[in-house]
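K.L.:
Could you have a look at this structure, given as structure tokens, before my questions?
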Amino acid sequence: MTAKATKYLDRIDSPADLRKLSVNELPAYCAELREFIIREVSANPGHLGASLGAVELAVAIHYVYDTPNDKLVWDVGHQAYAHKILTGRRGLFPTNRKLGGISGFPKMSESAYDAFGAGHSSTSISAALGLSRALRTADGGGPKCVAVIGDGAMTGGLAFEGLNNAGADPDNDILVVLNDNRISIDPNVGALKEALLDISTSRHYNRFKDSTWKAMNRVPRMRRMIQKMLNGAKSFFLHQSNLFESFNFRYFGPVDGNDVVALVRALRDLRTLPGPKILHALTVKGKGYAPAEQDQTEWHAPGRFDPETGERLSPPSAGNGSLRFQDVFGHTLVRLAEADPRIVGITPAMPTGCSMNLLMERMPERAYDVGIAEGHAVTFAAGLAAGGKIPFCNIYSSFMQRAVDNVIHDAALQELPVVLCLDRAGLVGEDGATHHGAFDLALLRGVPNLTIAAPMDATELRDLMYTASAGKDGMWVIRYPRGGSFPAKVLDEPLTPVEPGRGRILREPEGARVAVVSVGAIGTEAQAAVSSLADEGIAAAHYDLRFVKPLDTALLERIGEKGYRYVVTVEDGVIAGGAGSAVLEYFSDRGFLTGGLRVVRLGLPDRFVEHGTVGQLRALCGIDAASIADRIRSLAV
């Protein structure tokens, strides 16, 4: 898509500039904004579909509300590209998600227009309510607060906690804009989806609503009276009472969320109404770009593509017939489920991303998408396990943080055979601080009754899944990163049980002063470092810890008694409380440190790691092959 001359885009660098346009000029500006997003994301990959669908929402809200004095909070944030562009970051947009560039999500430190940071789902209502309360003046005034939340994020329990609290006080002057495109990343599931569908597809209600809106336009002074009539009509026409009004929110809609003129009209009316209210906006994910509209799941974050033809230039698969960790998980789960009728799968709204969709396609009655509800996913898995099933619950590591109590209280405490597979463990790259799987080892290592393992490669992942599927050792946690590249033939290898708490000796040369103990897939970086040093004549041992809990104490005893001067631990989680800390604690307790052994821990530092490529971030954190080699080299001399 060749850049075209624009009439509006180049002169809009703030909402103040935007408000100089007439309402009738806004559709043309939205078209230019949408074309800019398509062109930029085609070359610099990011979240395309959601942002295309929310262009008119961003424009209308900034046009009507006095941002940044009024506060706009985006849920998740992957739909906020238009918001970023029209709030002064158009010139920076080519740096989006790049090291040192702007974030792909709202970030308070980046702009005054980003009233609250985002990345995980279902937070916007609670945050907007907090802002509203904090900024409320003594006379009850203060800035307006708007939360934009997708229908997918509305499946998260935190969203309903926010609704429940906000609706309890009629003085909570917040607006919730429900961006209803019936899909988050994969199609939405659950009763909420059906409730929203009932509202948005009631033929009689919508016919009545349309005629009422027309009357409101003809007689502006009667708007509030007519709106009351419209609200009363909902319960008459709909099959069930309105969910949001049961939370004491005044409900308005549904409206066409891709009609900017209609949105401006609705928002102008709502801005003057006090109390908690919700505007239900129907949008199309991928709006304005045919390939993205036709395949909304694949075009959520499509990688590089030709904007003219829609040809995918960098599809998210590993390519060349190779498999990612995610593919290996999905195919192995199907194989295990075919052999054992007790095995079921659970995902909180990420079936395609984690490859649970493979089990869904083969055995739909044994695979569950529970929506964006990580805590529920774990406790649901615990219930299934209590009933005799062997559930494989796959959650992205950073999203699992919400389910730590469920892991402890509902699964581990009761010694239930739940297999928690943590996808996207370690550094994930361009999604940045909100999405790195940095904390799982540190959060879970101290929990009793857990077996925690991290495979170095696809073969280990398959064998660990096979071992855990026996359901004999209570709860398992298996963590692995995004991506990888493994030959397809790995799926044909026989499955071999692994003894829990047993690591591997990868390299043990005589005369080495340094031993490297790695855990998980980051061990390939350590392996490359040790191999390159061997070519230089520098000997270093290498051990694959594999299990963080229980530790392979026999292996650690062997390392301690070998007489190494240094043990370098390598992990792709936070150093504090992680695998390296477990090794250090063991050597300290056993007295090896008093004998002169020193433990050097490499991992993620005590700060939130920014966005960039995985390679860039590993180098930044000192856990790429070159950095590991440099550290060993400095110790080996």
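In case you wondered, yes, glycine gets a Cβ from its N, Cα and C as well.
Note: TrEMBL annotation is automatic and uncurated.
Here the structure is a predicted model, which means the values were calculated and not measured.
Pulled from TrEMBL, these are the listed features:
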- His78, Gly119, His120, Ser121, Gly152, Ala153, Asn181, Tyr289, Glu374: thiamine diphosphate binding site (BINDING)
- Asp151, Asn181: Mg(2+) binding site (BINDING)
- 297-311: compositional bias 'Basic and acidic residues' (COMPBIAS)
- 323-488: domain 'Transketolase-like pyrimidine-binding' (DOMAIN)
- 290-316: region 'Disordered' (REGION)
K.L.:
Asp151 (Mg(2+) binding site) has how many other Cβ neighbours within 10 Å of its own Cβ?
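P.N.:
There are 22 of them.
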K.L.:
So if I draw a 10 Å sphere around the Cβ of His120 (thiamine diphosphate binding site), how many other Cβ atoms end up inside it?
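P.N.:
Excluding its own Cβ, the number within 10 Å is 22.
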K.L.:
Would you kindly give the Cα-Cα distance separating Asp151 (Mg(2+) binding site) and Asn181 (thiamine diphosphate binding site), rounded to the nearest Å?
P.N.:
7
K.L.:
May I ask you to report the DSSP-based helix, strand or coil state of His120 (thiamine diphosphate binding site)?
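P.N.:
Reduced to three states, the DSSP call for His120 (thiamine diphosphate binding site) is coil.
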K.L.:
Should His78 (thiamine diphosphate binding site) be counted as helix, strand, or coil on the basis of DSSP?
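P.N.:
Note: His78 (thiamine diphosphate binding site) is coil by DSSP, not helix or strand.
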K.L.:
Could you state the whole-number distance in Å separating the C-alpha atoms of His78 (thiamine diphosphate binding site) and Asp151 (Mg(2+) binding site)?
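P.N.:
The Cα atom of His78 (thiamine diphosphate binding site) is 14 Å away from the Cα atom of Asp151 (Mg(2+) binding site).
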K.L.:
Which state, by DSSP, holds Glu374 (thiamine diphosphate binding site): helix, strand or coil?
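P.N.:
It is helical.
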K.L.:
Limited to the domain 'Transketolase-like pyrimidine-binding' (323-488), I'd like the whole-number average of pLDDT.
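P.N.:
Mean per-residue confidence for the domain 'Transketolase-like pyrimidine-binding' (323-488): 97 out of 100.
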K.L.:
Let me know how many other Cβ atoms fall within 10 Å of the Cβ of His78 (thiamine diphosphate binding site).
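P.N.:
Within a 10 Å radius of the Cβ of His78 (thiamine diphosphate binding site) lie 26 other Cβ atoms.
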K.L.:
Please count the residues of the region 'Disordered' (290-316) that DSSP assigns to helix (H, G, I), strand (E, B) and coil.
P.N.:
5 helix, 2 strand, 20 coil
K.L.:
Taking His78, Gly119, His120, Ser121, Gly152, Ala153, Asn181, Tyr289, Glu374 as the record's thiamine diphosphate-binding set, what's the max Cα pairwise distance in Å, rounded to a whole number?
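P.N.:
The span, Cα to Cα at its widest, is 32 Å.
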K.L.:
Determine, to the nearest whole angstrom, how far the Cα atom of His120 (thiamine diphosphate binding site) is from the Cα atom of Asp151 (Mg(2+) binding site).
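P.N.:
On Cα coordinates alone, these residues lie 14 Å apart.
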K.L.:
Relative to the Cβ position of Asn181 (thiamine diphosphate binding site), how many further Cβ atoms are located within 10 Å?
P.N.:
24
